[in-house]
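What follows is one structure encoded as structure tokens, with my remarks underneath.
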Amino acid sequence: MAQIKQEFLNSISEILPSHLSLEEFAHFNSQPLRPAIRVNTLKTDPASFIAAMTPKGWHFDPIPWCHEGFWLTREDESVQLGNTLEHLAGLFYIQEASSMMPPVALAALVDRVDTLLDMAAAPGSKTTQMAAWMENHGLLMANEYSSSRLKGLHANLTRMGVSNAILTHFDARVFGATLPEAFDAILLDAPCSGEGTLRKDPDALNNWSLASVESIAAMQRELIESGFQALKTGGVLIYSTCTLNRRENQEVCRHLKASHGDAVEYVDLSRLFDGADKAVTEEGFLHIWPQLYDSEGFFVAALRKVGPVAGEHRTPRLGRFPFVPAPGKQVQALTDHLKSRFGITLPRTTLMARDKELWLFPEGSDRFIPAIRMQRLGIRLAEEAKHGFRISHEALMLLGAEACKAVELDDDQAVTYLMGRDLPMDNGAKAKGEVLVRWRGTPLGQAKWVGNKLKNSLPRDLVRDNVAKI
Ligand SMILES: C[S@@+](CC[C@H](N)C(=O)[O-])C[C@H]1O[C@@H](n2cnc3c(N)ncnc32)[C@H](O)[C@@H]1O
């Protein structure tokens, strides 16, 4: 454990509620975090997952605020959680317990959302949690400013089976002026100084200073202004950080209220779950000190927009939109191909075409198409080839669970497949060409059945050096 900076401890002692002690704060920060996972309800359900994993020595301790969240203890910890077949197949997400709280707050406060914006989404723990809650319906715009992190976000959405997301790649300060009053709900899980993450990363505060806190808070004020402008009147914005100081938390929300007065309503989160009142602030926000729930430090505020707000409007400069609705003949050909080769029924939705590619756009995305440039507009399903179609990995990951033609792999075969190797098939069957491969009903990707083997067609960037069965 690295030494905690005295200047940081001094700043904490000034704001720690009187019933909590600084010694306890330092003590909890020196303890490792309890590993936590969230079961992916797009692919399984908590009861089935627990029933499958308990005999393998996994013990689940429910996280009080998230029905799908569990603290996990394992009898054998020799295998890294991220290398397990269950993780790679997208049955669960490794996610710190307190980080599950912002989407839970959102789900508790809005009945239904058609349009949801996640302003700072990578690597996607909360995006995938919200997509699961939306059951892949409606439109989830997942934005990330960092190019390198966008790739990981996309990989996580595919692994977890998210089909209602479009990805954008902006500084999120553009949303308010570009898409005012556009979203039913917004999550701003803001970039922050990370004071709550010391248990995960003892070096988290190496670059911490009061001056850096100030400059991050200035950016957060601009981000929340932008988000609030992009929110529809009546909608809810959840503002969260994994930091503890008031400048980046309460004061960012207060700044918004000072700017827009009665249009901003603080929503009381004290009854979000049993025991939430321990963390509640005078405004009704949740300020999660690590010792309260033995977790990371976190902050969650819920802000309802009860009236419109003034703000600049900007018409973005857009290039030519490269997609057109796919011609009926092409759609029919793809529908037939998916049905005959994989037993997949294509959902009844508009497909878009770009040159030889066919894309599936999430419902409701058309309303944003003239307004904003997208990084990835949905799912690239297939590319027309000389004799039929080349079906994408993404398409099979998203549609393959329902397919009635697939090669089911056992645990050892699934490990081999995810390590990018070919699989011997000694049953003397005739060559079958492109096939969908699944493990326990969960799609893993595709392969080409040639002679006595399955030739591996997993995209190279998904091939893993380490995969383990438990
Ligand atoms: C706290 S992390 C988000 C974590 C994510 N919501 C999750 O739950 O997995 C903040 C993210 O904001 C991104 N970011 C930083 N500045 C940004 C900006 N101006 N606009 C949008 N995203 C930004 C960072 O690259 C980082 O990925």
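Just so you know, glycine gets a Cβ as well, placed from its N, Cα and C.
Same-site candidate for S-adenosyl-L-methionine binding, as annotated by TrEMBL with ALA120, ALA121, ALA122, PRO123, GLY124, SER125, LYS126, ASP171, ASP189, chosen from GLU96, GLU144, GLU214: GLU144. Long-range neighbours of ALA122 (S-adenosyl-L-methionine binding site) (same chain, six or more residues apart, CB within less than 8 Å of its CB): GLU144, SER146, ARG149, LEU150, GLY152, LEU153. The record assigns ALA120, ALA121, ALA122, PRO123, GLY124, SER125, LYS126, GLU144, ASP171, ASP189 to the S-adenosyl-L-methionine binding site, and the maximum Cα to Cα distance across that set is 19 Å. Counted within 10 Å of its Cβ, the other Cβ atoms near GLY124 (S-adenosyl-L-methionine binding site) come to 28, all protein chains included.
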